[in-house]
Amino acid sequence: MMERRRMDAALLGLFLVHLATALEVPLDLPQPPTITHQSPKNYIIDPRENIIIHCEAKGKPHPSFSWTRNGTHFDIDEDPNVTMKPNSGTLVVDISRAKAEHYEFVYQCTARNKHGTAVSNNIVVQQSRSPLWSKERVDPIVISEGRSLVLRCRPPAGLPPPIIFWMDNYFQRLPQSARVSQSLNGDLYFSNVLQEDSRNDYICYARFPYTQTIQQKQPIVVKVLNQEPADERKPNFLIPSGPSSSKTVLRGQVLEMECIAEGLPTPEISWAKVSGELPTKRTSFLHYDKTLRIVDVSESDAGEYRCTARNPLGSVHQTIRVTVKAAPYWISGAPRNLVLAPGESSVLTCRASGTPKPSVSWAMNGIPIENSPKDLSRKVEDDTIIFTDVQAGSSAVYQCNVSNDYGYLLSNAFVNVLSEPPRVLTQNNKVYQVIKNRQASIDCASFGSPIPKITWFKDSRSSTLDGDPYVLHDNGTLEIHTAQAHNSGKYTCVARNSLGIYENHIYLEVKEPTRILKQPEYKVVQLGRSAVFECKVKHDPSLIPTMTWLKDDGELPDDERLIVDSDSLTIVDVSESDAGVYTCIMNTTLDHDSASAELTVVERPDPPTDLELTDQKKRSVQLTWIPGDEHNSPIQKFLIQYEDFLHHRGHWHNLTEVPGTRTTAHLKLSPYIHYTFRVLALNAVDFSRPSFPSRMVKTEPAAPDENPTGVQGFGTEHDNLVISWKPLSGLQANGPGLHYKVMWRQKVVDSDWTTVTVANNSKFVVSGTPTFVPYELKVQAVNDHGAGPEPAVAHGYSGEDLPVAAPDNVQAVLLNSTLAEVHWDPVPAKLIRGHLKGYKVYYWKEHSLHKHNPHLVKSQILTFSGNHTRRMLPDLHPFSLYLFNVRVYNGKGEGPPSPNHQIVTPEGVPSAPSSLRVSNPNLDSLTLEWSPPHERNGHITGYTLRYQPVNDSNELGPVEELALPANETSLTLLNLKYSTRYKFYLNAITVRGAGPPISEEAVTVMDEALISQHGADVGAAVASRQVDIATQGWFIGLMCAIALLILILLIICFIQRNKGGKYPVKEKEDAHTDPEFQPMKDDDCTFGEYSDNEDHKPLKGSRTPSNGTVKRDDSDDSLVDYGEGGDGQFNEDGSFIGQYSGKSASRETAGGHESSEAPSPINTMNSLNSFV
């Protein structure tokens, strides 16, 4: 027993392997037949067309076909109306010579070759039927209002059943509601009838889908009597009848249950499942909740369902018991073909379920298996056939039939016994392309018997691809869950079994994804303008992109206003029809990306319409209107304007505004106006055009409601009073004959009002008034219908005159040398003779107290508004005499000045010296010269000089300070460091302290060469910064030795000339063997080792003085005077031809072409080499 179980487990494992790896057998290999296409089991045909019964199969060799009809052989050759298509089992019945009903039978197709036989399902052929409605007399229906009613349809039975609907004579569907609805069988139910249900064209139609014909029932006449009001009643079910009912439905079909109730008021229907919850995703409610529909029914939907009908008078319940049956259905799919090698074992399983439980029967090659030849390698156990150690030649087709009371399943599965080496069916060198970060699947479809084992390699084939990130499926497919760029490359698929090996090469390319970088954005565009949607995309450069634009998920309109570019869509001259959602889609062969944006087209609103005036009263009226189209931009407000036909015809004035959510306004009216109104709407774009004017509203005249505003009194002369006001508008006049009653009186005197009448003017001048006297004023509006309300009292003054007095007790207090405070007593108000505006202080500098400063009188004025009695005088000059006076001023002008007073400012600190310059810079001294300050601000008591050295890094050294007397304007500083830069600061001092400094920089000098002009003129020179070697002992000794040597050489030369003529210098130069001796260069007349360029370089440690002057040094003077400074002339062969010359000869040539540099002693030595 245990051995049996182990064998069954092993066979089950083999079956699962064969099941998981089942593949199509290539058609070039032997194989039993397989049915590939057949007509449905219940085959309804159109009787007007030829009957085609399909039966297609494949196999090797190609199968032959035969048919049975009602279980017996159907000889096709004997029926001239029936033909079989070539290389096919499909039957074609020509009904032009026969009737379709003569071929309503049960057909079955058989396909066979030498390896087996396959059979089709039983195909029941029936023609569709659309019978006519039976003739019947339909009597009119008379019913009382409020009663329930059922209109029966009873359509003729058709195949398939017809679709029922109710319409009237005009082919318009009759309206349905919770009160009136159609049942599942087509009847029309009224929960209660109303008077409006009366009509004579209730017509039931039946549409037969196969023949596309519609049958019509005789019209039904319904007349509803409007008698006594019907009594209200609680609900009662019309469908289904009784307290409970039952329903049977098959698994996988649609369950429909209905509850229709009558009652008054109309009942509402609700549903619930008694034994559980309704399956939300598969449940829907139709016909105003009267029908419960559940799709794809399963066994879990069995149970009790309750529908409840409810109205205010009560409720009623109905229980429906649902039983779910099931025709046979596959549990794990139909049996699959088996391909086995000789000696292999496997199982063929036909596992199905159903309610009730179905029975399973087997057949082999169309013959019940119990009647088939015995085969020891085959064993049948209920729904499984076990194959053990199969042998060549045992190929066959097995039929599994599973059936119960509600249907059957018939499946063919062959067992093909083959010995075949492996082959890979996937195309060799196939290129797969996949987008980065997506799943990549590389196929390696193979075939072989035994089933080949698949292995994968990449590039170098160093190791098999197994494990993360690779997944190898049983069908040979290699999966990469998340493809990356490094996964690109060449892959090799190897299939091997015991009979051979086969390999295939496949290429994978991982591409960059397509992404929209800049998505189109929501646009709100005004009508007539342009809209641009941008859609910038990034994609793999090896993929060819295609940009597509959609509008509202459909194609773009064919309109030249829509311009599609590579990365944008432009819509010019936008119209309202352009509004919608625009989507850009970037497609490549591998992927796509999309983005959408909405275009809203806005325009200023249409003008309001249908202006209507209601509820008119003496001083008000109600205005209503209908808003125009707002064009996708909400109306923000309405502006109401009016035109006064009586006073300002053709001119529209703004009256009021109301929010955009209102369409009515209560308008206040003024008397004596002939109004017409219009309304404008405003949205975010602009105001609409004005509406058409309303009808005219006339108001009666009346006395003014208000008086003029802005009443004021003032004088233009010292003896008058001008009374002015803002006149009333025509809207405020309230009637004809508008004029003004002007009244005035002095405020301080108990006097009567003086009154005048003024028309067509807005001011009145009262003459002969006292100067600057307060007045009380009133202006009242009057027309032909009376006077306005009592006017308010305004105040004013008569004209002003110049002040007659100056401020008294004027004083000045010095706060410092530049600031003084001035005091005075205020001028009495009666002497000001006007509105006090303020005070003015006139002041000027009479002269400076210093003898060097000029006498200058320049008046200045400080104006102080308001009633002040002290103010500051800023910016005074120290050590000066000022004069000032004070004056009061009003609106007319200034009064007389006060007597002049003096201000003497004390001394202050001086300004900086006006100049500072440096002269006569020497080795350790220089001279400073300066000028006194421009602004001394007192007596100069002295100067302070500070100075400090500055190094090359601009760092300051220690400060030296000197106090100098006031009468000094120059100073020579001694004992300074040579060749050093100094910074100088100089400031002047008074008794009040030191003023700001003036600064300057200068450099002391060391050596200097002075190049003189012809005669005794001293030319310009450049300062030398060479190290002072002339004072060194070794240098003085060297110079003496050189001078002695020169003297000896001159004596020798002189003797040689006296003996034998010219000295052969050239020959001695050619014969010279001293390696230090170098020939003279022809281009610049210099010796090779010592060039002129070296002569221009300063010696180490030298610095050029900043003032650019050069002074003559004694050590240089000795060489220059002897003429050894570079003046020597040479002939063409390099011999020296210059003669000894004195000091004067040297200076004659120094003026124009000589360098300003000091002559180098090394150059002097080079010159002497030519004499050696």
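Keep in mind that glycine also has a Cβ here, set from the backbone N, Cα and C atoms.
Per TrEMBL, the features are as follows:
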SIGNAL    1-22  signal peptide
DOMAIN    33-120  domain 'Ig-like'
DOMAIN    131-215  domain 'Ig-like'
DOMAIN    235-323  domain 'Ig-like'
DOMAIN    328-416  domain 'Ig-like'
DOMAIN    422-509  domain 'Ig-like'
DOMAIN    513-600  domain 'Ig-like'
DOMAIN    607-702  domain 'Fibronectin type-III'
DOMAIN    704-801  domain 'Fibronectin type-III'
DOMAIN    806-908  domain 'Fibronectin type-III'
DOMAIN    912-1008  domain 'Fibronectin type-III'
TRANSMEM  1034-1055  transmembrane segment
REGION    1065-1172  region 'Disordered'
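Counted over residue pairs 6 or more apart, the CB atoms of the domain 'Ig-like' (33-120) and the domain 'Ig-like' (328-416) come under 8 Å in at least three pairs, which marks the two as touching. Scored on C-beta pairs under 8 angstroms, the neighbour of the domain 'Ig-like' (235-323) with the top count among 131-215, 513-600, 607-702, 704-801, 806-908 is 131-215. The helix, strand and coil residue counts that DSSP assigns across the domain 'Fibronectin type-III' (704-801) are 4 helix, 47 strand, 47 coil.
Across the domain 'Ig-like' (131-215), DSSP classifies residues as 3 helix, 33 strand, 49 coil. Averaged across the domain 'Fibronectin type-III' (912-1008), pLDDT in this predicted model comes to 89. Mapped onto DSSP classes, the domain 'Ig-like' (422-509) shows 3 helix, 48 strand, 37 coil.
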